[in-house]
Structure formats: structure tokens, C-alpha cells
Amino acid sequence: MNTKNTQQNAAIVIGAAQLDDLVKVLRKDGYATIAPTTRDGSIVLEEISSAAQLPLGLVDDQQPGAYRLSKAKKPAYFDFTHGAQSWKQFLFPAKEKLWSAHKTAEGFQVEASIDAPKYAFIGVRACELAAIRIQDKVFVEGEHVSNGYAQRRKQALIVAVNCRRAGGTCFCTSMDTGPKVKDGYDLALSELTRKGVHEFLLEAGSASGQTILKRLTGRPAAAADFKAAQKASDKAAQSMGREMPKGAAKTLANHLQHPRWQDIAKRCLDCANCTLVCPTCFCSTTSDSTSLDGQNAERWRTWDSCFTLDFSYIHGGAIRRDGAERYRQWMTHKLTHWHDQFGVSGCVGCGRCITWCPVGIDITAEVRAIAKDK
Amino acid sequence: MIASSKSESDTTTLDAMTPVPFTITKRTQDLADTFTIELEPENRSEGFVFQPGQFNMLYAFGVGEVPISISGDPAKPHKLIHTIRDVGAVTHAISNLKKGNMLGVRGPFGSAWPVEEAIGHDVVIVAGGIGLAPLRPAIDAILANRTQYGRFVILYGARSPSDVLYMKQLQTWRGRLDTYVDVTVDHAGHDWAGNVGVVTRLIGRANFDPHHTKVLICGPEIMMRFTIQELTAQSVDKDDIYVSMERNMKCAIGHCGHCQFGGHFVCKDGPVFPYGRIESLLQVRGL
């Protein structure tokens, strides 16, 4: 679906009020339209039935260990960046039934299970799109395919949005993943607020995106619209207050025994928040359950975290017994070993692990601290 | 999809996460806590084809799944054989299964012992405890082509004489004039005529050519570490040493992340690694 578009993208400009038409068209096509909305003072991703449910006029203040939503000066739809959740929870749900088994006269039979709703994701940021493509490498492009993920992913339609504002913990420019989407989307939105006129530049990035675009009413996009969109995106890039130091992969690989790991462990609560909010973390565990009469059994796959002791348990005890070893596993996997395994970094620079760390550990600052000792 | 009723071609297209029920045709108790089961691969005319060193995920109905190495003869794929130590909830449930019961199987997964690459070389097998089970398919394969190899050495260490796995088979191998077998135990009573001490002490006198040898090691990580130290002292090249690693595994297909060892997934890049590839990782505690 997300075939790379080498031609000039088809593009139109729609009024902000027409955003709802896009939601309607997608719903008519049978998509579950998932988009950002607000709940409990935070941006969450949920199914919406109308554009009115989008978080209009809100911005977020994200800092290490802190997140607040507040009213924006401009009534824009997408000037917040992102909340704790990512699209991972739909493509790779936190809990998924893999199969069920039932007893038979000869023994038992196993029946594979797939739950694959047809999703349209509205408001996918560049970093999040990069994260989806990283999880594709894990679940689809390797030797073995995760059938559930593959089916959900294949059906998913992606409406990306270009960031006009950098969040307080963002560092996507240094990871080369944003703030502007490059490819891999079906449609891309750029929000334009000029002289009291609220519009969206809507670009198609795939054949399906193009088909949808044709069903919407708008005016042809002009050079000034592209220029305004680019200017907003450049502003986001320039206002990014963080960056991942260059050569992070090597820095960590060369310092597996660095004293900094112990220092981080003193602050780290082993809470696993960073792994759960990370849009690329893919570790999972399986659990089996049985019906009370013992006739039926099910296997469920659930998100897991390398921060638990149980994660590395083998007969005789856990491999990673102290917090420093577990933090090192997470950070070296993300920034170093991911390259060995999948040819890319596992970090997209979204900053979620910094914001949602209860003690505000900053992955970029930790790399910098370790890099100091060459 | 009903896994058990699938035809041969369909079984291969099944999701790698879905176990296929196999029937247990034989169960033998090897040691107080260790047993061997034979399974019949149904609907597979070619049998259960695997390479020595590979493992399966075994599922006990309603209890759970564990990674277990295959310990049968690769030349006899119509019998799938696993030797299992009863140490946890799942292995205990499998231990309670009898002939005629079913066990779910996913696999085979992982890398293999370098049986082909070892042709023309001396081969030294170093096993500790139940580590002999994953090595038995390699021993079978080498003995089946015995003339292709140089000196063949099997060194085995167990905790006590009553913990010696495959005792009868060790005696048979030891009786062969083309195979050198040396066994040691950590402690023993007066009825033991063999060696007492660690397995590393058997290496020096095994009389193989350190420059033309492939060494295959499986056992507790600490035993493998000391064995490698001794082999290196005997000037065996690190790329001629192969070890089988153990890590927690949930999926066996590189998706769950549990078995990571540095940049490697033990489930698909291992479990058998040339030592040279993981040397630096083995030096760091808690990786």
C-alpha cells in the first residue's frame, strides 16, 4: 500500500473544516479511523468518528519526566507532538491471542488465531512512520513473518502529519527520521495557518492515497502552499533542543563496562516505562491459559520488557541480575545491536523514553556522558 | 487452521508460532531427573528433518512451551528424539506424559554444529551434564561418516556417576577402536573406576592435533568458559571452537527479544556459535 512515489505527489489544499470529509471517506471505506484525541489530560490514540474529536488548539510541554497539555495560541489540530502511546499498540497490540487448542480423543488440536482490523491511522508523525518501518523489519522482512502484524500492516492506511513544532524531548533531526515525512505514507497532511485561514496541504504518497485524494474537495496546491509547509517544518527542525551524539552505536559498543551504567542504575527504577512507550521496542512474552475444565487452552503474546528479572531467566537464575545490566541491555540494543540485527538504529528520536521516564533519564545525555571517555 | 489435520505441504506454511501436535511413541527414564521421549512426526513423509545442534519448542497442553535441543540421529528423521531434564513447570508436565500422549512441536530452529566443515579434521566433543544431549546428533553424524574425519574425541563430565547421561551409549562409543572417550565426574564413591575432577583436565591428554581440530562444546556457561581457556592454552584457534549457548526463549524466530546476546539472537543466529564470533561478549557479565 505504501509504495514509494517517485513522481511529483498529487496534492490539494483543503479547508480545516474539510478534515472531517477525510475521516468520513475513510470510514466509508471500512477503515477504523484511529487518531489522536484527549483523555486524562494527555494525547491518546483512539478510534474517532469525526474530526471534531481531534485535539484542536492544544500543545504539549514535554520535559524529562514531565508532560503537560495546554491551550495553544493558534487553534491548530496537530501542534501537540505526541503522547505516550504510539501506533505500535495497533499493529503490534500489547496483548494478542496467537492460537487456541482444545482436547480431542487423540490428544489436542491447535487453531491459529488472527485479529486484523482494517486501520486508517490519522496523524502519524515522521518519527512514528520511521518506527513502523523499523517494526516491519522485525516482524515482516526477516526470515519469519508474524502473520497478525503482517496482515494488519498490509491493510493499514497511513495519513501522516508533518510537525510544525518540536516537542520538548524530541531529537528526530539527529536520527534523520523527521520532522518531515519522506515516504512510506498514503497521505500526508501539512497544517497551514495563515492570516486567520486554517487549511491543510494534503499530499498523496501512494496509489490508494491518490484515490482518496480525488474524492475530497479542495483547491489545487500552489507553490506558496508547499513553501509555507516547508517553512513550518524547517522551523520545527530548527527548534529541536536535543540531539543524539554522533557515533552512539560505537560509543556504547566500546563501553560495555563503563561505570556510567552503575550510575544510571542508581537513578533507574526498573519500571519499564521506556520500553513500553518506545514505538520500536518489540520484546514480548507468551503466556498460556487453560479453561477450568482443562479442555481448552490459549496462547497469548503480551508486551514484555528487558527491565524485568524474569526476562532473562533460565534454569539456574536470571542472566541480567542487576539494574545496570538491564539498562545496558535496553540502551545497547536500541542504539548499537539494532544495527547488527536490522541494519538501522532502533531509535527514531521521538523522545518518549525521556518524557515518560519517572526520573527523567535522558538517553541522549547518557550517550554523551559515556562518549566523554573515549 | 487445524494444525493436526493438515497435509504435509500445509504444515510447512503454518505460522511458525503454532505448534503441531506429535504423538509420543516411547518414553525412557535416563537419570533421576532426566528422560528421553520419542515422537512420531505425523503427516510428514520425509520425517522430521533437522541438523545436529538445532532445537524445537515443545508445548505441553495447557502448561506452556520450552526450547529443547534435538538429541536423535539426524539420519533417522522418522523418530524425533528429545532428552529433557525435569527442572521447571513445563518440563515437569512433559515428564508426566506417557506413550500415546501428544506434545506440541515447533521447529526445527537455529544453527547447527559444523559437522560438514569438520570433515578432514580431528573432532573433539566436550560435553557437561545434559549438554551431551544436543551433541549426540553430531556424534551420530560423525560416526556415520567416520572415515572422513581424523581423530575423534569425546570428553564428558557429569556431577556424579549416577548423573552420567547415555551411559550405555558412552560405553559403546568407548568400545570402538576409532573413537577416544574420556569421562570424568565431580565426585564419586569407591565403586567408580574413572576420573574425578573437572572436564577441562581431560583435554591435555586427549592427543588431538590442535591445529587441525574442530571442537564442539556444550554445557554450563562456566564449564564452556574454562574449556575454551584450556583449548586456547593448547593453541586451538578460536574459530575452530564451537559453543552452544543457552538463553531464555519465547518465540524461537527472532521476534520476542528474550534470547539476545549482544547483537545476536541465540534462537536464529545460534544456539551454535563459532567462539570467535562471541568471544568479546562472553567476557562481559550479564549480557
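Every residue, even glycine, has its Cβ placed from backbone N, Cα and C.
Annotation comment: TrEMBL describes B:Cys251, B:Cys256, B:Cys259, B:Cys267 as [2Fe-2S] cluster binding site. For B:17-115, the entry in TrEMBL reads domain 'FAD-binding FR-type'.
Within 8 Å of the Cβ centroid of the [2Fe-2S] cluster site, not counting the listed residues B:Cys251, B:Cys256, B:Cys259, B:Cys267, the chain contributes B:Met249, B:Lys250, B:Ala252, B:Ile253, B:Gly254, B:His255, B:Gly257, B:His258, B:Phe265, B:Val266, B:Lys268. Listed binding-site residues: B:Cys251, B:Cys256, B:Cys259, B:Cys267. The one with the lowest count of other Cβ atoms within 10 Å of its Cβ is B:Cys256. DSSP assigns B:Cys251 ([2Fe-2S] cluster binding site) to coil, not to a helix or a strand. In terms of DSSP secondary structure, the domain 'FAD-binding FR-type' (B:17-115) contains 7 helix, 45 strand, 47 coil. Mean pLDDT across the domain 'FAD-binding FR-type' (B:17-115) comes to 95 in this model.
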